[in-house]
Amino acid sequence: MATDTPMKSPEAAAVPPPRRASGTGRDRQGHQRLLTRRDRITLGLMAGVPTLLHVALVWVTAIASVLLAFTTWDGIGFDSITWVGLQNFTQLFQDNPQFWPAVQHNVVWFVVLILVPTPLGLFLAVQLDKRIRFSRVYQTAFFLPVVISMACIGFVWQLVYNPDTGLINSIIGANEPGHYIDWIGDPDLNLWAVLVAASWRHTGYMMILYLAGLKSVDPSLREASALDGANEWQTFRSVIFPTLRPTNTVVLVVTIIEALRAFDLVFVFNKGAQGTELLSILVTNNIIGESSRIGYGSAIAVVLLVISLIVIIPYLIATFRKERRA
Amino acid sequence: MSTLSTPAGAPPAQRRAPVRPARVLLHVFLAGTALAWLAPLLWAVFSALRPYGETSAKGYVSWPDTLTLDNFTNAFEQSDMLHYFGNTLLIAVPAVLLTLFLSSMVAFYVSRFDFRLNLALLLVFTAGNLLPQQVIITPLYRMYLLTDLPGITASGKLYDSALGLVLIHVAFQSGFCAFVLSNYMRSLPHELTEAALVDGASAWRLYWQITLPLCKPAMAALATLLSIWIYNDFFWALVLISTGDNMPITSALNNLSGQYFTDPNLVAAGALLTAIPTLIVYFLLQRQFVSGLTLGSAKG
């Protein structure tokens, strides 16, 4: 996805294609040869300072999470760190009643996002790609939830789900005592309720990604397919959808990451109470909660890290390999 | 029968080509869905416009007798929202500028100079950006608590300071921006910087006066995107800020809703107020936002 950016530089068009080669080996070496000592120092700083900041705050801490997961620490002096081996993990897997539900909810979160809002976003994108009138107006409506903060979305949906005053219960008459449907508190319902809100947002996001993908589909493919007598569905299934492969990869990765990152919405909605536990919520509660256990919290983070890396690493390898070829 | 009617019926049908049943159906479907999509927000607006007394007497689903902006003004004034908007500004503006500045330097280096490390560097940045925030929060929180900055921040630490939030935003977002910008810069012709270098321009001039001005469209898209993301951030501030007064608006909403927004109508008004700045940016810069999002859609 990153390689076929919709924004083309004006210069790229002006230069004849064969010479546009984005820096052959010789070019780059030419760049290097002309550098003065001062230039080298400047360049070192230009690359070094941001890298240092990023590595210190993101990677050092990620690695620290891994290391701390095998220790206990009171957080005060470094000498109080003691190695406990796998103890945090065994406690987490065996004794924590919230852990497996949280894993399960993260999985459900992903499955729902990929099965409902993703195809819906694709469907809307295909419809809006038909050069119809008011396309922009529709797009704006579907995309609006993506712009608003997750926290705000949480509050807005609380107003919809509130058992006493909410839209749903007011309409179906479930706000009378005895008929209560507690969308927010009932552990059998609240995950689905919050997933409706998450899907509401995710649809617009997927629609935009697919719209960008569809824009890059060669129109002559569609014409050829029409000439061959294929109907709309056949054209989509056998011609358009296969060419959307790069977009599908991005969509899959984005959806998995979203499912792992899900936090704000649930935290605002019901603080991750029973029924809506997520790994991200467990990590956070361990920090801001009463009894912060650093090693234990890190162990949960490591689970999250491992799952993320299983997704991130193959994706990045594929992306960068493609880039090197380009 | 058909051969007879076709010559007579076809020409007018062709002239009225736009009216096709399928198209009408599509518009009905899209308009209906769009309306359903806006329904939760419209419901919030509707609740926010009604006085609490009226809704508690008549129920929330009822014909409104009075529609006023009182809830909005009350929510805004009682909770001193302006102060929290100020906090956000204090964090978001330096964070966006610094992110763009630092990531464009990395992108420049990576796209123009083939020092062995460049692919690895980009990989590290991009992968770091895709991690869930909770993966790093526990050590980060401890690190912020242990970093003493007496006299530099009000809290004397990185913890509970705007500086701390700016730094983590910059560190986290610069990965995504470096990735997008380096792709963009690579599409610029290499001869441009090559020629300047032969003419004796310094590396800094190459970056500041030649490369950056050509990256304006990409920078504009990223700036829009970053502003909205940083404005919308809830998690970093929730954990890394302890004093309620220091919170940026999005995270403050959580405290305010318990303290000041005592009824659902006020909550609705307060939540909608926090959405207004993002909506303004979005409507003004919709194109930049969408192009930024699709141009680096590797972002979660």
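If you go along the chain as it appears here, the first residue is 1 and each next one adds 1.
Glycine residues also receive a Cβ, built from the backbone N, Cα and C atoms like all the rest.
Automatic, uncurated: that is what TrEMBL annotation is.
The transmembrane segment annotation in TrEMBL covers B:24-46 (among others).
Residues or ranges marked as domain 'ABC transmembrane type-1' by TrEMBL: B:85-285.
Residues annotated as transmembrane segment in TrEMBL: B:89-110 (among others). Outside the transmembrane segment (B:89-110) by six or more residues, the chain places 118, 121-122, 125, 162, 165-166, 169-170, 173-182, 184-185, 206-207, 211-212, 215, 219, 222-223, 226-227, 230-231, 237, 248 with a CB less than 8 A from a CB of the stretch.
Annotation comment: TrEMBL describes B:117-141 (among others) as transmembrane segment. Non-local neighbours of the transmembrane segment (B:117-141) in the same chain are 103, 106, 109-110, 159, 168, 171-176, 178-179, 182, 235-236, 239-240, 298-300; each lies 6+ residues outside the stretch with a CB under 8 Å from one of its CB atoms.
Marked as transmembrane segment by TrEMBL: B:161-185 (among others). Long-range contacts of the transmembrane segment (B:161-185) within its own chain (CB-CB distance under 8 A, at least 6 residues past either end) are made by residues 87, 90-91, 94-95, 98-100, 102-104, 106-108, 110-112, 122, 124-130, 133, 140, 144, 149, 152-155, 211, 215, 218-219, 222, 226, 229-230, 233, 236-237, 240-241, 246, 248, 292, 295-296, 298-299.
Among the features that TrEMBL reports, transmembrane segment is placed at B:206-231 (among others). Outside the transmembrane segment (B:206-231), and at least 6 residues removed from its termini, the chain residues within Cβ reach (under 8 Å) are 88, 91-92, 95-96, 99-100, 104-105, 108, 112, 169, 173, 177, 180-181, 184-185, 188, 192-193, 196-197, 248-250, 277-278, 281-282, 285, 288-289, 291-293, 295.
Annotation comment: TrEMBL describes B:266-285 (among others) as transmembrane segment. When Cβ-Cβ distances below 8 Å are used as the criterion, the transmembrane segment (B:266-285) is approached by residues 41, 44-45, 47-48, 52, 71-72, 74-76, 79, 81, 85, 220, 224, 227-228, 231-232, 249-250, 253, 256-257, 260 of the same chain, each at least six residues removed from its ends.
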